[in-house]
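Trainee: Below are the features listed in TrEMBL for this protein:
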- 22-41: transmembrane segment (TRANSMEM)
- 61-80: transmembrane segment (TRANSMEM)
- 92-115: transmembrane segment (TRANSMEM)
- 136-157: transmembrane segment (TRANSMEM)
- 169-185: transmembrane segment (TRANSMEM)
- 197-216: transmembrane segment (TRANSMEM)
- 247-266: transmembrane segment (TRANSMEM)
- 287-312: transmembrane segment (TRANSMEM)
Amino acid sequence: RGAAILDEASWELIGSFVAADYAVFALMLLVSAAIGVYYAIVGRGQSSSREFLMGGQSMTAVPVALSLTASFMSAITVLATPAEVYRYGASYGLFSLSYVLVVVVSSEVFLPVFYRLGITSTYEYLEIRFNRATRLLGTVMFIVQTMLYTGIVIYAPALALNQVTGMDLWGAVISTGVVCTFYCAMGGLKAVVWTDVFQVGIMVAGFLSVIIRAVVLQGGVSNILNHAELGGRLNFWDFDASPLRRYTFWTITFGGTFVWTSIYGINQAQVQRYISCKSMTHAKMSLYINLLGLWIIMLCSVFAGLCLYSVYKHCDPWTAGTVSAADQLMPYMVMDILRDYPGLPGLFVAAAYSGTLSTVSSSVNALAAVTIEDLIKPYTHMTEKHLSWTSKGLSE
């Protein structure tokens, strides 16, 4: 099945996007934009920047939890994690253990501090703890880092998907950028949170469409796991203490805890969501419910990587030169095994771009928040109404 397509005519045999695929992708963008319009209409009475940027601190645990999951998982998760599992094994899934430690530390150590202070920007803490110069340094570094990261998050998956599916590169970049900017500016944090809820559903649906088809083709889950076992991909319990190894139990669980605590504990995009909850109880619940979401996404991405290995264990598209980069492997398999099901390749691409939209929208909202709170408010005497308008303008 796999070897038959790895010849000079491979691209023609696999095919490219059809009208149904574009329709599914466009529907995802349309629904995302519609959520922004809805919250723009509902929130016409928003008279302060805090209502726009923090949802008036009226959010509940479940939508915030799903938003945390969606913004945490970008298109890189959808495309690169399965390829990483395909190449190096399922030990990557041990990050699920580090997520437990991350959530506990974030909810019990960092969250209470930020929530009780009643701040909007996490960098306000730096001024309280140290001085204004330290706060400004942290703010500027965050703005530069987030702008660079956001560009990569938009462009990298668009390039990979363009190479495999034939989807127009700049059409995808511009359309997703415009839609994301639109609902961020129209609806504020509430629109961002509820589009994240929708988009995390699309991400799971996209993964499941590929996984279910691969399971059917390979004759069941047990066959996929057997292939992975024979190929050395079920390498979970590697306790080698060498720091030179790519993945071991220690580097993933404890190293991953330190890496991701810096995101969940202090990153503006994540903190801004859980302190938008109406009570500290809801804020803590959002983090713990989010843990379930992280586990589901991780399970899907790791098993998708095992499916990728099972399908191409004897005919690696990368070493054969059919794809030019590892992050093209997953979309390649999608176009291979789902080409006879119009609309499903579009669903997977919508899943990848849902990861992009959720990450970018959280970044845009966070950038607007720190700019207002750290660079404008302390040095001007603007009214809350003008600050609200400025927040919307910055989101554009």
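Heads up, residue numbers simply count up from 1 along the chain you see.
Glycine is treated like the rest: Cβ placed from N, Cα and C.
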Trainee: If you count Cβ pairs under 8 Å, which stretch among 92-115, 136-157, 247-266 touches the transmembrane segment (61-80) the most?
Mentor: 136-157
Trainee: At a Cβ cut-off of 8 Å, and with pairs 6 or more apart in sequence only, do we get at least 3 pairs between the transmembrane segment (169-185) and the transmembrane segment (22-41), yes or no?
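Mentor: The transmembrane segment (22-41) and the transmembrane segment (169-185): touching, yes.
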Trainee: Determine which residues of the chain contact the transmembrane segment (287-312) at the Cβ level, with the cut-off under 8 Å and only residues 6 or more beyond its ends counted.
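Mentor: Distal contacts: 1-2, 61-62, 64-66, 68-69, 72-73, 77-78, 81-86, 90, 92-93, 95-96, 99-100, 103, 106-107, 111, 200, 203-204, 207-208, 210-211, 214-215, 217-218, 223-225, 227-228, 231, 233, 264, 274, 329-330, 333, 336-337.
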